[in-house]
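Sequence annotations record features per position, and here TrEMBL assigns domain 'Phosphatidic acid phosphatase type 2/haloperoxidase' to 57-167. TrEMBL lists 27-50, 128-146, 152-170 with the feature transmembrane segment.
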Amino acid sequence: MNFIQNVDIYLLDFIHRNIANDFLDKIMIFITSIGNLGLIWIAISLLLLISKKYRKVGMLCIASLVLSSLIGEVVLKNLVQRGRPFTAIEGINLLVKAPKSFSFPSGHTVSSFAVAIVIGRKIKNFKLPIYILAFSIAFSRLYLYVHYPSDVLVGALIGIISANIILYIYNKRNP
């Protein structure tokens, strides 16, 4: 675990030494706020549910969100109980309100990838923009020092795996 922690800190430091600037600060604050509480993904899922053409995709998105949230937010966050980077690394100027929940895995990333994968697989025209949004939200969590890279990586994996489980079950029942 110490090796992973060291790599995490190195990568966060790299982002802040080589990428961070005042302009990106504002953009990352906005992008991360889009992902707060998974509301953007819930809203997109509900919009899909309203549409007759995409109703099934909306249901798949909701199912993927529920499964991924159970795994990430209910089980893993409470099991691992990892503190956030801004509590472990000195000298951090936090640009957003300090999250009170545990760091591992990133809930923003879990929900982003849980929905993005479903939409990307089912609505090909939205694949690129929805993946860009998911990656942007995930990266914003690193940029803002509220998650370690391993939190985001595992969050993405949970979202991807959850979406694939839901899609697999759906495809088995609807050949």
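Placed from the backbone N, Cα and C atoms, the Cβ positions cover glycine too.
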Query = In this predicted model, what is the average pLDDT of the domain 'Phosphatidic acid phosphatase type 2/haloperoxidase' (57-167)?
reply = 95
Query = Per DSSP, what is the residue tally for the domain 'Phosphatidic acid phosphatase type 2/haloperoxidase' (57-167) in helix, strand and coil?
reply = 83 helix, 0 strand, 28 coil
